[in-house]
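For reference, the structure discussed in these notes is given below.
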């Protein structure tokens, strides 16, 4: 009996141990599989595993590389982790000693990250390093991992312009104002027509005076636009239908106008006065400059465009005053003084997102990209290029872009005011058209009912009486004159 219990206990213990080990194995396999699929968040493998170790030089710039809690993080750090996971290497990150990107000094030597690679102080440079022909001659670049250009960063209140004399017309586009004028004239004409056709509004054309003349109809429509009740007051159902639908149209239209005009006033100005680099050169209110020794500065130096040459001459003559040392200094100067910063558009987008009083001008020139720099004989160049392409195809680069460019005031920069177009009020204009059609149909029905009753008394066809009524009401002056002449002849 004891042997049987011992045997049963051993069997149960063995089964439980085997099940626990299998569950741990499945969990570990799942974690390894997830880490291999997602390069982001994967830490470099330890050097003890025999993987090659690369020395990476970078530069501190938000949001590419930042120091948080004594550790580096940012877009480039996440990109570096993903590349290490894909290509199986470890790395050591160092910040460039002179704080420069890389340019030729007066002595003919390269500074910054390019210089460290040439001196073999670093194997690769992972940073917002622009690919240029001069740099490509001394180092090799991978496929760009970010596309950018040259833009103008401005402070909103420094670019505000005086409102025009007819600024009150800005909430609606020209097409919308044209449609509104057409709707007003058409509605007033329908009021005039329906009031003449309806016997409930104008029962005896030969003896009564019609209150809804065309001028009175225009005055009635204008009063409704001003939300004022004006005379004459409609009596017939058909005229009231036209009046009611016009009132509803004007209320909705005025609400849209007031809302859009309020948005226009709160947005500051309808249009930035500085839209292009040519506008920047023509104005005299703002100083402008760029990073000293940056690729942007040399872009304007080498450009044959007359406007670009004027920008370079301006910056070169005032080098000590308008050129800045760091990107943070440039942003601070834009916010605190009348200064426009010329630099990478993608970095300016981040500044405009995080500082809600900044904005980037629409024009972007000199399309370029940020690439990873390596030595010309490095075997890592092609591998890194292929890895960057894979990250782009998988959407991981877009994920990183959205992650590090996210900001609390990003929605404010996207809400840009624009004039209200007719398409936005299409349903409102359609409702007005349907209401006018119903009013005309109601007037015709009212006139038909009267003609049917009159045909029974004079023993004529309903159609003939109906046509006579229409001719009498639409040509009242001619009929009245003929009646007066006919009645005046026997008396003579």
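Using the three backbone atoms N, Cα and C, a Cβ is placed for every residue, glycine included.
Of all ranges given (177-199, 200-222, 269-291, 292-314), TrEMBL attaches the label transmembrane segment to 177-199. Residues 237-259 are the range that TrEMBL records as transmembrane segment, among 237-259, 352-374, 375-397, 398-420. Your range for transmembrane segment, going by TrEMBL and the list 424-445, 446-467, 468-489, is 424-445.
If you look at the transmembrane segment (237-259), the same-chain residues 6 or more away from its ends with a CB under 8 A from one of its CBs are 171-172, 180, 183, 187, 190-191, 194-195, 197-198, 200-201, 212, 220-221, 224-225, 227, 420, 424-425, 428, 431-432, 434-436, 438-443, 445-446. Sequence-distant neighbours of residue 301 (site 'Interaction with the cone snail toxin Con-ikot-ikot'): residues of the same chain at least 6 apart with a C-beta under 8 Å from its C-beta are 312, 316. For the domain 'Ionotropic glutamate receptor L-glutamate and glycine-binding' (63-119), the model's pLDDT averages out at 92. If you count neighbouring Cβ atoms within 10 Å for each of the recorded positions 135, 390, the highest count belongs to 135. Nearest to residue 390 (site 'Interaction with the cone snail toxin Con-ikot-ikot') in space, judged by Cα atoms and limited to the binding-site residues 128, 135, 344, is 128. Take 128, 130, 135, 295, 296, 344, the residues named in the record as contacts for L-glutamate: the widest Cα to Cα gap among them comes to 17 Å. Comparing residue 295 (L-glutamate binding site) with residue 356 (disulfide bond), their Cα atoms are 27 Å apart once rounded.
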